[in-house]
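Notes follow the structure.
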Ligand code: ANZ
Ligand code: ZN
């Protein structure tokens, strides 16, 4: 068979190289202080059972970075693991009777094989699964250390209760008033919970965002908003006919003369007290609580209130009484759970005032408005301006008026300047089985007692049943019954487990020494590897996971575990993988492989032939069936093709449109590059052959080769993977079009093919290895350095000039056109042939004729 007919055998080739890398332990990482380190990490997956295209994209991106940095001489750590606790495992147990541990471990095994088939350069010896006691024992210890350090406390608090999942949800797990997984309307309940004091680091979490200059601006802004620092004032209002007062928080003390009412949260203690004698108010409060009082719910809901009948005295104007309402939009968890409302300058207050017939008195005059006629209609005015209708504040601008009002408040000792944070402490208790047990024992005499360190880990019992609703740990017959570590009397274990964000808040550091049983991290290993140099994952984790990890790293530093406070120095948030959607005539979603092109060119159902409606492209999701299974793609076209397509079509942070044509194009490229090599290889000069004289076309091609090397390196440094791929494809086309005739041509062909193999290796590592081997190299690409571009070849106008030693031609060199004499002289004297001709003597004279010749006299 001639080589032209040979085909690239993807399956065999990819399996062969995966085995080679494994046998050679190519990706095993060890600390080596003599080399610069590079820790690249992709967000670890939840072991749902199968990888999806989002995973493929995420891990392909990470692998390019890892392999590229490796080739550039970095000591790379690139690990993988499993975020293995969580609800789906329990749901599987409830629905299918399979134990969460078994379900999870089987899923991990299946997904590990899938990941291995992608040829990812992971150090598998560092694999971890968070559901194993070898992992979670360390976080139990961390929790106890945080407790000692004052970073943990227990508090009765209102929680979001998901009536379907039977569990507490974090605020951020409530989306538009519904549970993030169940979609059920969330209710309020009062429970005793463990909290981590993330607010203790609020200032630093905010300020340090400035230092994260390799994070996307957008993510930093999201974090900033989530932390939500507000400068304002706390102010006390005296209540009429009561020996009592009300504290409010405001960011606009300048608008105090425009106040129309006070409002307290339905969960404010005063509201509760009044409701005890006021059934209508009690009913109103109950209604608010049914609706939920989280920010998201409140934002969406109609603003409602009820007059309590109480009056409050304005702090600056003797005798001015304002009504006090209970209002559904005032959150108990923010500020002091009470506000003053200024309808003219706050939209919510305005809507409220219109509804309940309260006065709307503007006190800030916009620059172009007239004081006599300015009015507020349906829209509150929240901009800048000059104060009016405001006594001692009249004539001041907003910032000055804020300062003046605060000065007066502080002078009168009725309040002070304060800073308020939107950030709340992190409630970590979950009434769930498949999570890390909270290492606490409850004793009727001693209260909550930490489990002694010697008794860690508190293992999750595996003999549990899921036939009753609620927490299996709670109804396990024996597990929770233990003696109190303090007094020895019968006591009960805490049956709550940690929020699963707990595990993902420190896993990155565990990778530094994942097999140490005695400690969470080997300190010197952590000092060597941390922080993660490049973290890659979905934008959906832009707030919580990243914020919790930043907090955890600080808490671990406080407790002496780690030396750094920022876990992730660089962050890349990748876009989604999208696909067209299809519906049949009945409106049911169809899978892409159920749809074909009909005779008329329109889309039809593959079996029934009936018309199919094409919908817009959306994120691949099971619910819309617009998914393509990566396993199928890899089995058909190989991992390299899938990886190449993932990288080539759009920049990583943007959404990617999955198309049949795109994957086809990638597949054809794989074959083209392979065939190009196979056809050329017999004509190529041996490895290491000195460069012969080059004709014009060869010199030109060579310049393209080196320009490609430089540009691709630059692209990869900036994560412009799609551009890098496009450039390598251009080079491949140029090599394919090149008609090699003489020795110089073939020499450049070799250089071009070798460069293409090395440059494409981070994206298509298997094909690169195969080509490299075909080109005669004994040492695989994984152990070969990144190619370097010759500077002189990067300039568009380069000239080839002669170098003579004592009048005899010894070499030709490529130089930028019109370059300075010094570069010409240095380059000439560095040529091996020139050095040889000089036989160790120093040059007596060097004459450079620009763009023509370098004459060396010895
Ligand atoms: C009077 C006022 C006048 C306000 C005005 C705003 C505009 P941020 O920026 O988010 O901190 N507020 C205070 N506590 C609240 C609570 N527990 N629930 C709901 N709203 C609350 O917002 C601070 C502003 O939100 C405060 O300033 C207060 O209304 C309201 F023209 O006070 B302001
Ligand atoms: Zn006790």
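From the backbone N, Cα and C atoms, a Cβ is placed for every residue, glycine too.
Not measured: the values here are computed from a predicted model.
Features as listed in TrEMBL:
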- 43-174: domain 'Methionyl/Leucyl tRNA synthetase' (DOMAIN)
- 45-55: motif ''HIGH' region' (MOTIF)
- 224-408: domain 'Leucyl-tRNA synthetase editing' (DOMAIN)
- 423-579: domain 'Aminoacyl-tRNA synthetase class Ia' (DOMAIN)
- 617-658: domain 'Aminoacyl-tRNA synthetase class Ia' (DOMAIN)
- 619-623: motif ''KMSKS' region' (MOTIF)
- 622: ATP binding site (BINDING)
- 701-821: domain 'Methionyl/Valyl/Leucyl/Isoleucyl-tRNA synthetase anticodon-binding' (DOMAIN)
Checking 224-408, 423-579, 617-658, 701-821 against the domain 'Methionyl/Leucyl tRNA synthetase' (43-174) for Cβ pairs under 8 Å, the most are found for 423-579
Around the Cβ of residue 622 (ATP binding site), other Cβ atoms within 10 Å, all chains included, total 9
So what's near the domain 'Aminoacyl-tRNA synthetase class Ia' (617-658) in sequence-distant terms, Cβ-Cβ under 8 Å and 6+ beyond its ends? 10-11, 13-14, 50-57, 60-61, 63-64, 114, 117-119, 216, 572-582, 589-592, 665-667, 669-670, 719-722, 725-726, 763-767
DSSP-assigned states of the domain 'Methionyl/Valyl/Leucyl/Isoleucyl-tRNA synthetase anticodon-binding' (701-821) in counts, ordered helix, strand, coil: 70 helix, 17 strand, 34 coil
Confidence summary for the domain 'Aminoacyl-tRNA synthetase class Ia' (617-658), mean pLDDT rounded: 92
Three-state secondary structure, which DSSP defines for residue 622 (ATP binding site): helix
